[in-house]
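What TrEMBL says about this one:
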- A:HIS34: active site, proton donor (ACT_SITE)
- A:27-34, A:144-147, A:VAL173, A:181-184: ATP binding site (BINDING)
- A:GLN58, A:GLN150: (R)-pantoate binding site (BINDING)
- A:GLN58: beta-alanine binding site (BINDING)
There are 2 protein chains.
Amino acid sequence: MPQVISDPAELRSVLAGRGRVGFVPTMGYLHEGHATLIAQARAECDLLVVSIFVNPLQFGAGEDLNKYPRDLPRDLGVAGGAGADLLFTPSVDLMYPDGFATRVTVSGVSEGLDGASRPGHFTGVATVVLKLLNLVRPDRVYLGEKDWQQLAVLRRMVRDLNVNVDVIGVPTVRATSGLALSSRNAYLTAPQQARAAVLHRALRAVQERYAAGETQVQALQQAGLDVVASDDAVELDYLSIVGAGMQPLDSVEPLGVQAAERDRNDRTEADNRNMTRVLLAARMFGVRLIDNLPLVTAPQVEQGQA
Amino acid sequence: MPQVISDPAELRSVLAGRGRVGFVPTMGYLHEGHATLIAQARAECDLLVVSIFVNPLQFGAGEDLNKYPRDLPRDLGVAGGAGADLLFTPSVDLMYPDGFATRVTVSGVSEGLDGASRPGHFTGVATVVLKLLNLVRPDRVYLGEKDWQQLAVLRRMVRDLNVNVDVIGVPTVRATSGLALSSRNAYLTAPQQARAAVLHRALRAVQERYAAGETQVQALQQAGLDVVASDDAVELDYLSIVGAGMQPLDSVEPLGVQAAERDRNDRTEADNRNMTRVLLAARMFGVRLIDNLPLVTAPQVEQGQA
């Protein structure tokens, strides 16, 4: 008679037995944000893999696939300096051979915000990240919080498909000006990058209005929109306040209630702080930029689960 | 400096190091066909997992989800007798918790035949099998050739998503009458099962016409349709001759040319024999039955790749 198991964790423990493998998937042109991801993974894992793959499937028609910045020698230096053991650099032909026909779609969390502005984008992201997870088989995957909706989509995918990996979100690294680090910042001159910090100031304005007691989303968003309107280089796509499922909110809980919620639901404080978030996307000087912040300023520490 | 790897096989060899795990996913109510799968897996693997999960996601509205036959004690006996080490029996709530939002779709190969008759069916199959593969993480997964299109869809998915598993197709086991074994045969009385063998005779008639030199698909199909028409209990859904990608064919290569193709393309004889296949689906006595055969009668041996 075989042993009957209905609990996946038990199943895994029967089948498991390796050291901890960490994984940082990237599209290359690594910056300090990536280095932070890599360094955190280095500290927590036995073997650390960084991938560089500019994924055609997540770029729409007219987007910047062909001009996306690439510099492998530089990336080797950044990844190695931050502690990567392996750099995985698959070719497009290898990732998408003739006859490739499979897609991973995540409904709900992928549908608004960037999902609305970039049709098919998150399907491309989910599909390639699942492929990479299957190739690398890491115990932990590290993803930047700058791409907050992407992080939510991938958490959902990992949970839904029982991918045996912990998803670790790592806080956004910023320039002194507040501008979120991004490979796409390379498209901007230094003065343009300084101007682009207006996006971070807009998010901060929302935080400040919330800290002052405002709970109506429309008023909170207006605080951000006022800052955005101060610079006519900003072509705003969206500035939205959303919950953990990326759903639009009408109002948010005041700080005191959030604390009560935390106690009632046994959430960690960090979970709680990150639940409600302000996200924006805008085009400046021809470059699409995204950023986001939690409604309260605090050290953000969080940890996913498979 | 990290080591740079662009070849997934190399990546895997760096990360690997376990015994061979075999996996047989089923919906339970195990019969001799399953026992054959399990016995083959037993002979080839160190640890053998059989799952039983009646997957709601692959049943359409009005299909037989609720009445699908279930008998866990009996299944334990069959699986254990055939050599299974573990029986994995996840609950529906565990497989599809609240908020479940992810689907795996495979275009092309999943679109005709059963894919046309059962919308969403293969998305449900691909999604649950990927989940099970992620939970079990086998080295080899064994699937019956009775569900030929399903096998093709899952081969495509495994290849496209870089799932690290070998897909092994195992030939259909038949009753003495020729009827393909299936859990759904339990819906039929013994006399009805005897009548249902007409479906196998129809497939055999196509084989025989091909062996006699016919290469036009319409004429080959007619040979099968003539047999089907001999029993008015058959409500035929389709009888189709398709290639490896499940694409409909107008004509097929004669036997001699198939041999030449084999030499030219370095295929194995078994690959070649299995490339062109006649598939049918029909309802008899209220039960939907499917079956298929290669165009030539021969021992069928094949092996997939991840």
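Note: Cβ is positioned from N, Cα and C throughout, glycine not excepted.
In TrEMBL, annotation is done automatically, which means it is predicted and not curated.
Features recorded in TrEMBL, as mapped to the structure shown.
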| residue | record | contacts (Cβ under 8 Å, 6+ apart) |
| --- | --- | --- |
| A:MET27 | ATP binding site | A:ILE52, A:PHE53, A:VAL54, A:ASN55, A:TYR68, A:SER183 |
| A:LEU30 | ATP binding site | A:ILE52, A:ARG74, A:ASP75, A:VAL78, A:ALA79, A:SER183 |
| A:GLY33 | ATP binding site | A:GLY144, A:LYS146, A:THR172, A:VAL173, A:ALA180, A:LEU181, A:SER182 |
| A:HIS34 | active site, proton donor | A:VAL24, A:THR26, A:VAL50, A:VAL78, A:ALA79, A:ALA82, A:GLY144 |
| A:GLN58 | (R)-pantoate binding site | A:GLY120, A:HIS121, A:PHE122, A:GLY124, A:VAL125, A:VAL128 |
| A:GLN150 | (R)-pantoate binding site | A:ASP114, A:PHE122, A:VAL125, A:LEU143 |
### Query
Over all shown protein chains, what is the count of other CB atoms within 10 A of the CB belonging to A:VAL173 (ATP binding site)?
18
### Query
In terms of DSSP three-state secondary structure, what is the assignment for A:LEU30 (ATP binding site)?
coil
### Query
Among all the protein chains here, how many other CB atoms are within 10 A of the CB of A:SER183 (ATP binding site)?
19
